[in-house]
Amino acid sequence: MSALLPTYGQRAIEIKQADGSYVTDTTGKQYLDFVMGIAVCNTGHRHPAVLEKIEAQLGNVWHTSNLYAISGQERVAEKLVAGTHLTRAFFCNSGTEANEAAFKLIRKWTGKTKIVSFTKSFHGRTFAMLGATGQDKVKAGFGPMVPDFVHAPFNDSAALDFIDDETAAVWLEVVQGEGGVVVGDVAWFAALQAKADEHGVKVVIDEVQTGIARTGTRYAFEQTPLKPDVVTLAKGLGSGFPVGALVTAPGAEAVFEAGSHGSTFGGNPLAMAAAEATLDVLFEDAALAHVQAMGAYFKSGLERFVDGDTFIDVRGLGLMLGLVATKPVADLINRLRDAGLLVVAAGPDVIRFLPSLFVSQQEIDEALAIIEQVVTKEMVQ
Ligand SMILES: Cc1ncc(COP(=O)(O)O)c(C=O)c1O
């Protein structure tokens, strides 16, 4: 009998060792990891530059609290905003926390409460973020929700009608991750931004899953006409060390004052060492070009499975890709695992691929060969 609360389903394997794109379980079986902790280990497992920086920090100081200056926060904030219109950052420990901070900021900044988010979105599991999330299954049993979230259809011009003078913010993912790797159209994003501008509505982009180079640019919004007032980050920011961030555009500087918000752990020296090293290796032109090249290569490799019968589409940006099936993919994902490839579902019928951003062409070929072998067997059965 487990002493754990049963918040997670049955877990078939435990990973004992990890290196680059590969992990080994407690029985010694090796897997090609195309989950990467669900878009967390964007630098691959135990990237040497990140490892070196964390080890050096371990020998100095681990935690001091935000009672004292933490120069790593200044450096990481600089790296997050450099070359963008964004200007300030606040550090926390997870994506939900980053979004929660954004929610508080938006309320105080605008003095309004109505927030337009989208069906099938996922923004976290605190009360405000359950409200923002456009999936009933995560809310079941927890009502009543925080009021004044309305859910508009994603990538649909009807969404524009939800935005009015009463609206504080429109809150979205550029690629809905948990919702099925759904990419919004550039024209729709442009119309959304224009409508937000027309009504003085803030734009909040949840880049918890799409950020930190995952889609081939530092942030996914850079591939759109969106100009967010607020960006939230987590997952890939610490290469596996828990780090979240709220990043803001001009105008937000004075919304929070001392005491408005805070965190015991947020931005601690170890977290900042992990984040600084992560950004040093990923926010580099060569790294971003690699993500774009490998993303295009992998996407075209996956497209060969699209037969209009079992699989109907490949969608996504960069190295955040989804193979869309016509039936539930849970069993298939288990069979891929048994054959040595770790992948994760996005919704019931999409196989999501989130490899290391330093994945090689050879590793992609290996993944495609495993998929081929498992899918062919499936079709024969
Ligand atoms: C887009 C998005 N926002 C927020 C979250 C929540 O992040 P966390 O689990 O770090 O709280 C997730 C997690 O999957 C996510 O994909």
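Just so you know, glycine gets a Cβ as well, placed from its N, Cα and C.
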According to TrEMBL, Gly95, Thr96, Asp206, Glu207, Val208, Gln209, Thr264 bind pyridoxal 5'-phosphate; identify which of Phe122, Phe241, Phe298, Phe305 is listed for that same site.
Phe122
Could you say which of the binding-site residues Thr96, Gln209, Ser263 has its Cβ with the most other Cβ atoms inside 10 Å?
Gln209
Same-chain residues at least 6 apart in sequence whose Cβ lies under 8 Å from Gly95 (pyridoxal 5'-phosphate binding site):
His123, Gly124, Asp206, Val208, Gln209, Thr232, Leu233, Ala234, Lys235, Gly244
How far is it from Phe122 (pyridoxal 5'-phosphate binding site) to Ser263 (N(2)-acetyl-L-ornithine binding site), counting Cα to Cα, in Å?
23
If you run the three-state DSSP split on Phe122 (pyridoxal 5'-phosphate binding site), which class comes out?
coil
Under 8 Å Cβ-Cβ from Glu207 (pyridoxal 5'-phosphate binding site), six or more apart in the same chain: what's there?
Glu173, Val174, Tyr219, Ala220, Phe221, Val231, Thr232, Leu233
Quick one: of the binding-site residues Phe122, Arg125, Asp206, Glu207, Ser263, Thr264, flag those whose CB is under 6 Å from ligand 1, and say none if nothing qualifies.
Phe122, Asp206
Counting other CB atoms within 10 A of each CB, which of the recorded positions Arg125, Lys235 comes out lowest?
Arg125
